[in-house]
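Undergrad: Structure incoming, see below.
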C-alpha cells in the first residue's frame, strides 16, 4: 500500500545547514524496505553533548530502554546515533535486547567510543526481534562513507516508515557573536498494521551547551511541540526525541539555564521543534485539515492543556472537522468531559476567530456563514475560553477522515 | 439521513412486564420529528422511590441540573417523569432553564404532586432552548391517556434520536416470596450533528426499596454496565440513568443495603442494566463488531478498568477490529499508554481465547489462523493479563468503521 503525499505537506524539503562536527551516512539493509534507505548512522565529534525525551509508555521498546540508560551512564555525552526503520524491535523480549546490544557494540567499535556514547532508535513492525548481526554488518560497510556526507533529506527518508514525505527543519542564531546552526529531522505518524504510530526526531546543533542545560531546554521545548500534538491519542512504544550539540560553533559553553546568552538559541530550538511537530501532524493518517486548538482562561496551564487535548482528541470533534461542520456543541461537550474545572455559563467558544457562544448559550443572532467558510479551508482554528483563570495552552491536531480508517483497518485486505 | 438497523441489534424488542403503579403515555410534539412519538410521560403511584446517576460533564444540560436538585430536595421520592427527544436543551443558558421550569411546573400540576417529585431528561440538538409552553400543552393533552397505557416499545421509541432500534430489557425475581418485576428502556448512542452522544435509561420496578438503598444499588450497577461501555470515549452533556421503585409488589420495604433479601433483586437489576448497556454499544454508530475487553492481573480493579478503557478507546485497536486484523501489537501499545502500572515482560495477550504473546514477546510458534477466524466474527474477545496483582475489569465497545465517519462527518453534505 503506497500512500499519496499528504495534501497538508510543505512544498518541498527545506535546505538545511550541515552541522560542523557531524558525519552522516544512510544505506538500505534489505530487512523490509526496498529501493530506499532504512538505516542512518551519525557520527559526532568529541565533546558532543546529548539530551533526550522519550515515550511514557510502560511497554516501551528495547532501544528506548537503552537510550535512557546511556544518557545516565554516559553523563550526556554522545559520539554516535543509529536509527533503523522497518522494525521497531518492540515487545521482543530478550532477543530484542540482544539485537540492541549487538548494534551498540558494533557502532561503538566502529566509531571508537564507549557504548554509552551511542544512541539508538527503531521504528516499524513490532513483535519481531531486530537482526543485530545484519545491522552490525551494514554499519561496518557504511563507516567509510561517513566523510562524504549524506543529505538531510536522505537522513529523514531513512528514518521514515509510512510517512508520505520526509520531514526536516532548521534555524540559525548566534551565541557570543558566533553563528549557531540547528538542523533536525522527524518521522511520524503514519501507521500500518502491525506497525505502530511512532514519532522519532533528531536535532543537531553546533552550539556548545552543557548536558543539563540542553536537557532542560529540550524538556521545555518538547512540552510546547511534540507533547502538544495529537493525531489519534495513541502513544507509541518507541517515541524518541534526541538533541545533540557538537560545540563546534566556538561559543563559550553555556552552563546555566538562566544565561541570557541562551535567549536566541532557546527561541531557535523551539521553532525547529515546533516546525517538526507540525509536520508530523500534517502527515497524520488521512489528514485533510490542520487544526489549532487554543484554550485560555483555565485554572492553570496544565488544566488548559488537558482541556485542549480533550477537544483535539475527541472523535466527534475530529469527524465534524472532516465534514467541514462548524459543530461547536461538540467542543462544549469535549470541554465538559475533560475532567478539568469549567463553568458552563462562563464558557466562550470561537471558530475561525468568530465567537459562536458565550455565557452558556449561542450568541444572539449568530450567523454561521463566515464560520462555515472557515471550515472549508485547510487551516482550522478553535478557541475556547474557560473564564476562570489565566491558564492557557495551544495544541495541534488533524481531522479524522475515511482515509484514517482505510490506512488502519483495510491494510491487509 | 435514515440509518439501517444495526447488524448487531437483537432480533426483536423484548416482551416487558407492565409495572404495577406506573402509567405511561407517549405523543408527538411536532418539535423536530414527524411520524413517531418524541415525548414520554410516566406517572408513578404515591410512595415511589427514585435514584439516579448522571453525566460527570462540567457542561451538563439544564434537565440534568434539575434532576440532581430534585433528588436532593425531594428525598428520593418520585411521582412523574417527562422525557423528550429531538432537543437536548443543553448549553441554552437561562432560556433553557426556563423551559425546564415550565415543563416541571406543568407536570407537577397535572400529576398533583410537588415539583421535586418530577424528573426530566432531554436528548437531541444542543444549543436550542426547549419550548416549555409547547411541552406543557402536550402534557395537558396526554394526561387523560395515562390509564390506557403505552407499550414499552413505544416508550423506548419516544426517547430515541438516531438509534437504529428501540432498546428494552426486563427481569423477574422475588423478595419476601413476592414476585418482583423490573422493566427498563434505554437510548443511545447514535449521534448526528449537531446532536450529541447521549445515553438515557429509565428502569422501573414494583419492589419496595428505600431511596438510599436504591441509590447504592444503582451506583454499583451503573459502574458495571453503563460506566463500563464506550463507543468513542466522548461524554454527553445529558447522560441520565434513573430507577424508580413503586413498592406495589408488596414486599416489606428493604432499608438496608446488606439485607440478604436483596440478593436476587441486585442480580436481576444488574442484568437489566447490563443488557441495556450492551444494546447501546450494539447500536454504536457504524458498529459491525461487539467487543469484550477483559483485563486481569492489574494492581487494582480501578487500574484494570482504566487499562481496559485504554484498549477499548484506542482508535488503532478499534480500526484494526473493523479490518478483522488480529493486531495484538496495538493492544500492547494501549496497555502501555494507559498510565497504569504495567510490566512489558509480564504481559499476556489473548484474542478469541488464543494466547498470542506472553513474557514480553510473541509465543513460540504462534499460529494466527484461529485468531484470524475469530476476528471475522461479530463477537470479539480481547484479554490482557498484566501479571502484577488481582485487579480485574471488563468493558465493552464496538469497532470504528467508515460508517462512523459517514454518520458523524458527512451528515450535512
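Each Cβ is built from the backbone N, Cα and C atoms, and glycine gets one as well.
So TrEMBL lists the following for this protein:
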- B:198: active site, nucleophile (ACT_SITE)
- B:161, B:187, B:198, B:285, B:408, B:413: substrate binding site (BINDING)
Undergrad: Mind sorting out which of the recorded positions B:161, B:187, B:198, B:285, B:408 are close to chain A, meaning Cβ under 8 Å from one of its Cβ atoms?
TA: B:408
Undergrad: Among the recorded positions B:161, B:198, B:408, whose Cβ has the fewest other Cβ atoms within 10 Å?
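TA: Among the recorded positions B:161, B:198, B:408, the sparsest Cβ neighbourhood within 10 Å belongs to B:161.
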Undergrad: What is the interatomic distance between the Cα atoms of residue B:408 (substrate binding site) and the residue listed as 'active site, nucleophile', given in whole Å?
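TA: Pair distance, Cα basis, whole Å: 14 Å.
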Undergrad: DSSP on residue B:285 (substrate binding site), three-state: which is it?
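TA: Where residue B:285 (substrate binding site) sits, the three-state DSSP reduction gives coil.
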Undergrad: Expressed to the nearest Å, what is the distance separating residue B:285 (substrate binding site) and residue B:198 (active site, nucleophile) at their Cα atoms?
TA: 12
Undergrad: When a 10 Å sphere is centred on the Cβ of residue B:285 (substrate binding site), how many other Cβ atoms does it contain?
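TA: Residue B:285 (substrate binding site): 27 neighbouring Cβ atoms within 10 Å.
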Undergrad: Taking the Cβ of residue B:187 (substrate binding site) as the centre, how many other Cβ atoms fall within a 10 Å radius?
TA: 28
Undergrad: Helix, strand or coil: which one is residue B:408 (substrate binding site) in, per DSSP?
TA: helix
Undergrad: Can you grab the distance from the residue listed as 'active site, nucleophile' over to residue B:187 (substrate binding site)? Cα atoms, rounded to a whole Å.
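TA: So the alpha carbons of the residue listed as 'active site, nucleophile' and residue B:187 (substrate binding site) sit roughly 8 Å from each other.
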